[in-house]
Each structure stands twice: as C-alpha cells, then as structure tokens.
Amino acid sequence: MVNSSPAVAAHAEGEEIEVLESTDVLPVAPEDQWKCLFDKYDPENSGFISTERFRDLLAAHGSELDPHKLEVLLALADGNADGKICYQDFVNLMSNKRSNSFRRAILQGSRQLRNSALREEVGLGLSRRLVRHVAYETLPREVDRKWYFDSYTYCPPPWLMLAITIAEVVVFMYYGFQLNRWVLQVSSPYFLKGPLPYHPQLRTQAWRYLSYIFMHAGIEHLGLNMAMQLLVGVPLEMVHGALRIGLVYVCGVLAGSLAVSVTDMTAPVVGSSGGVYALVSAHLANVVMNWSGMKCQFKLFRMTMALVCMSVEFGRAVWLRFYPPAFPPCPNPSFVAHLGGVAVGLTLGVVVLQNYEQRLQEQSLFWIFFSVYTLFILCGIFWNIFAYSLLDVKLPPPP
C-alpha cells in the first residue's frame with residue numbers, strides 16, 4: 001500500500017486532473033514501483049499517459065535519474081508523434097530496456113538533445129573516461145552514447161574476449177615449450193597431433209570445428225589475431241554484451257571451419273581468424289554505414305590501419321597455404337576460414353551491432369540472416385557426411 005497526499009495538478013484536454021504524489025513508498029519490486037508511479041499519472045487506467053503528463057512525471061521525479069537519461073526521456077516526450085506513452089514503454093525506459101517505439105520517437109522527434117555532448121564533459125575518472133571512449137568507438141548516435149554512458153557499470157566485465165585470448169596464449173605457450181618452436185609451429189610434425197586443430201581425416205570429431213581457434217601457426221599468427229581480438233572485441237563486448245558478441249564470434253568460427261571443409265577439403269585449420277574477422281568486419285561495416293554519426297578520433301586512419309592488419313594476416317595465411325609443406329602430403333592450414341568469418345560479420349554481425357539495446361528477435365533482418373546461416377550450417381554438415389566419399393577425395397593421412 002502507498003500513503004499519498006495531493007501534490008501535483010496536471011491539465012489535459014481542458015480538464016483539471018488531480019495527481020497524487022507519493023510521500024511514503026513501501027519496498028516493492030521495481031516493476032510494481034513503476035506501475036504505482038504510472039497509475040498516479042493515469043487516473044483513467046487507460047494504460048497510456050499523454051506526453052504532457054509524462055513531462056510532469058519527469059519534473060517530479062527527474063532528480064532521481066542520471067542527467068543524461070533525463071535528457072533523453074525529455075527528448076522522448078517532445079518527439080513522440082503519437083502524443084502518448086504506453087505503460088510497457090515506460091517500464092522499459094525506467095528499467096534500461098529501450099523499446100523500438102522509444103528509438104523511433106527519439107530519431108524522428110523534432111527536439112534535439114540540447115545539452116553539451118558527452119565528449120565535452122570534464123572531471124571524469126579514468127574508468128568513466130574509458131566508458132566514454134568506448135561509447136564513441138562503437139555507437140553512432142549521441143543518444144545511444146549518453147544512455148550507454150549512464151547505464152554501464154563494469155558488471156559484468158568484458159570477460160569473454162579476455163578469457164578466449166588468455167586461453168589462446170596459454171595453449172600457444174604450452175605447444176611452444178613442448179615443440180621447442182615459437183615461429184611457424186605448424187612446421188613441426190607434432191603440431192597437428194593434438195586434440196584441438198581441425199583435420200579433414202578427423203572431421204567426425206565435431207568439437208574440432210570450434211576448438212581449432214586455440215591453436216595458431218606461430219607467434220606471428222597469434223600476435224595479429226590477439227591484437228584485433230582485444231582492440232575490437234573487448235569494446236564491442238562492453239557495449240553489446242558477451243551473449244551477442246559471443247554469438248557473432250562463434251558463428252564466425254563455425255562458418256570458417258565449415259567453409260574450409262567445403263572449399264579446401266584436404267587442408268587443416270588453426271587459428272581464431274574466423275571469429276576475429278567476423279567481429280572486425282561487422283564493426284568496420286557499421287562504421288562505414290554510420291560514417292557521419294561515428295565520432296571516434298582519426299576514424300579514417302584507424303579504419304585504414306585495421307584493413308591493413310586484416311590484409312597482412314590474410315596475405316600471410318594465403319602464402320602459408322601454398323608454401324611447400326614441411327611434411328607432405330599434408331598441406332599447410334587453409335586461409336578460407338578468414339573468408340567465412342568475413343561473410344558472417346557482413347551479414348549477421350552487422351545486424352547485431354546496429355541494434356544496440358533492441359531485441360534481436362524483433363528484427364526481421366536478423367531472422368533472415370540467421371536462417372541463411374542455419375541453412376549453410378546444415379548444408380555443410382551434409383557435405384561433410386556424404387561429399388567426401390561421393391567425390392572420392394584423396395585426403396592426407398591422419399596426423
């Protein structure tokens with residue numbers, strides 16, 4: 001129960017409506033608390049409040065909100081073309097779950113965010129400056145950057161990309177000491193004998209289609225992949241979360257190994273390039289598609305450097321594939337996994353990165369690309385089951 005007293009008078013459609021302002025609210029679940037607050041501005045129990053009453057609500061309770069969030073909500077009130085706010089949108093806003101109607105109202109509204117840009121704020125600590133930097137690196141709209149800046153708490157931290165990178169380094173160090181080789185480890189006769197790399201003779205061991213990311217051809221291979229994975233993957237995970245970035249990464253990894261099994265049927269696969277190229281390609285495509293909105297510093301130079309790094313790594317992989325193998329007839333690892341990752345990044349990855357804080361299951365384009373990806377996976381599985389015997393492919397001996 002809520003003890004209330006008359007406090008605010010709201011005017012709408014010529015009628016004076018008395019609104020009760022709470023003075024003593026008992027502990028309740030957050031959604032119940034928002035419902036009580038909403039009902040005080042919706043005496044008719046219609047499930048909607050006008051934008052005028054929504055502004056009254058913000059005037060009464062705005063001191064409880066972060067300043068950037070209050071600014072965005074005011075923009076919503078001024079820009080909503082329907083002239084009303086529904087209860088579910090209100091709950092989503094107060095719970096940091098923005099709906100599609102929220103984004104449309106902000107982007108199509110007549111009111112611009114009038115306060116100073118996030119970049120102009122001073123007196124921020126190191127951790128908050130890092131969050132601001134990540135916001136400008138990954139998000140093209142000021143409204144999204146401000147909302148992210150107020151909402152991000154480092155809980156949970158970007159653990160996924162860090163954990164994968166640490167695991168890759170540990171595995172590389174283990175094989176480096178075991179093989180007594182750090183450059184071009186792939187030239188060792190024992191390199192492919194472990195349980196991790198993909199090998200066409202061992203393709204029935206399904207985990208190898210994913211576990212190959214922990215093996216690298218040498219320190220030059222690991223270094224480039226690790227740099228791109230950390231510089232791009234960690235900021236993306238901070239903004240979009242481990243679940244979404246993990247989805248793009250794993251899809252790129254799986255697409256990479258299956259692409260090799262279809263197009264380069266005799267070659268093994270090592271390295272995390274499939275997942276890395278999926279993330280980097282999706283990010284670069286998002287930057288290009290939102291070029292005017294992206295406010296990261298030196299974006300043209302940095303994009304050029306990213307493309308140079310990708311080209312160098314891809315060129316190294318192509319050179320290694322056609323370089324005479326140390327132990328014929330087994331060829332060197334394939335480069336096709338890179339292309340599989342790029343294909344995932346430019347399709348599924350772009351949809352994920354363009355829908356910050358929006359539910360992917362509500363995006364028709366996401367389901368289109370996800371369906372195409374699923375069809376490719378199924379075709380790849382059937383290809384691996386039947387094509388090798390039907391085509392009488394001469395495979396290299398098992399490692």
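Just so you know, glycine gets a Cβ as well, placed from its N, Cα and C.
Caution: TrEMBL annotation is automatic and unverified by curators.
Counting every protein chain shown, the Cβ of SER273 (active site, nucleophile) has 32 other Cβ atoms within 10 Å. The active site, nucleophile annotation in TrEMBL covers SER273.
The active site annotation in TrEMBL covers HIS338.
Taken from TrEMBL, the feature domain 'EF-hand' covers 29-64 (among others).
TrEMBL lists 65-100 (among others) with the feature domain 'EF-hand'.
Positions annotated as transmembrane segment by TrEMBL: 159-177 (among others). Sequence-distant neighbours of the transmembrane segment (159-177) (same chain, 6+ residues past either end, Cβ-Cβ under 8 Å): 185, 191, 194, 196, 213-216, 219, 222, 225-226, 229-230, 233-234, 237, 242, 245-246, 249, 272, 275.
Annotated transmembrane segment per TrEMBL: 209-234 (among others), in sequence order. Remote same-chain partners of the transmembrane segment (209-234), defined as residues 6 or more beyond its termini with a Cβ less than 8 Å from a stretch Cβ, comprise 158, 161-162, 164-165, 167-169, 171-172, 175-176, 182-186, 191, 194-198, 203, 245, 249-250, 253-254, 257-258, 268-276, 279-280, 283, 306, 309-310, 312-313, 316-317, 320, 332-333.
Annotation source TrEMBL lists transmembrane segment at 246-263 (among others). Same-chain residues lying 6+ beyond the ends of the transmembrane segment (246-263) with a Cβ under 8 Å from its Cβ atoms: 160, 164, 198, 200, 203, 208-210, 212-213, 233, 269, 272-279, 282, 334, 336-341, 343-345, 348-349, 352, 373, 376-377, 380-381, 383-384, 387.
Feature annotation from TrEMBL assigns transmembrane segment to 269-288 (among others). Tertiary neighbourhood of the transmembrane segment (269-288): same-chain residues 138, 140, 164, 168, 186, 197-198, 212-217, 221-222, 225, 228-229, 232-233, 236, 245, 248-257, 260, 294, 296, 299, 303, 306-307, 310, 313, 317, 333-334, 337-338, 340-342, 344-346, 348-350, 352-354, selected by CB-CB distance under 8 Å and a gap of 6+ residues from either end.
Through the fold, the transmembrane segment (300-323) approaches residues 186, 217, 220-221, 224-225, 227-228, 232, 264, 267, 271, 273, 277, 280, 284, 287-288, 331-335, 338 of its own chain, all at least 6 residues removed from its boundaries and within a Cβ separation under 8 Å. Residues or ranges marked as transmembrane segment in TrEMBL: 300-323 (among others).
Summarising the annotation, TrEMBL assigns transmembrane segment to 335-353 (among others).
Outside the transmembrane segment (365-391) by six or more residues, the chain places 200, 203, 251, 254-255, 258-259, 261-262, 265, 344, 347-348, 351-352, 355 with a CB less than 8 A from a CB of the stretch. According to TrEMBL, the feature transmembrane segment maps to 365-391 (among others).
Long-range Cβ contacts of the transmembrane segment (335-353) within its own chain (Cβ-Cβ under 8 Å, at least 6 residues beyond either end) map to 138, 236, 240, 244-245, 247-248, 251-253, 255-260, 263-264, 267, 269, 271, 273-283, 285-286, 289, 313-314, 317-318, 320-321, 360, 363, 365-366, 369-370, 372-373. Each residue contributes its Cα atom, and for HIS338 (active site) and SER273 (active site, nucleophile) these two points are 6 Å apart. The predicted model assigns the domain 'EF-hand' (65-100) a mean pLDDT of 62.
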